[in-house]
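One structure is given here, and the rest of the page talks about it.
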Amino acid sequence: MCLLPLVAAAVSAPRTPLLLLGRGLVAAMSTTESLKSVDYEVFGNVQGVCFRMYTEGEAKKIGVVGWVKNTSKGTVTGQVQGPEEKVNSMKSWLSKVGSPSSRIDRTDFSNEKTISKLEYTNFSIRY
């Protein structure tokens, strides 16, 4: 196997700082990118349909951190943090997509604010 093209690509690649986040490397955020935090509660048929598992998967795919859990009143609640654009993508997913077997009636968002740093290192399911 010839590694020369790989070496050349690595040498000529732009120098983007990388951060170890969760289980993978991601490009470091620029200092102009604002971080957001938002709490959410999803109403509808969202328990017993793998909603938390799909939420965790989508959050990791998008690149946000936070948590998700079932409530005693049949809803799913949690918090999402990350760059504003990615948080907005997750908000859209929580409002319109969900897990394949779920039915989302509405999603309430609260305590949306700009934060100076992430409070979590990954996205997790809470029990």
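The backbone N, Cα and C atoms fix where each Cβ goes, and this holds for glycine too.
Unlike curated entries, TrEMBL annotations are predicted automatically.
Keep in mind that what you see is a predicted model, and the values were worked out from it rather than measured.
Feature annotation from TrEMBL assigns active site to Arg52 (among others).
Here Asn70 (active site) comes close to Gln47, Arg52, Val76: these same-chain residues lie at least six apart in sequence, with C-beta atoms under 8 angstroms from its C-beta. If you look up TrEMBL, you'll see Asn70 (among others) marked as active site.
Residues annotated as domain 'Acylphosphatase-like' in TrEMBL: 37-127. DSSP states for the domain 'Acylphosphatase-like' (37-127), grouped as helix (H, G, I), strand (E, B) and coil, give 25 helix, 39 strand, 27 coil.
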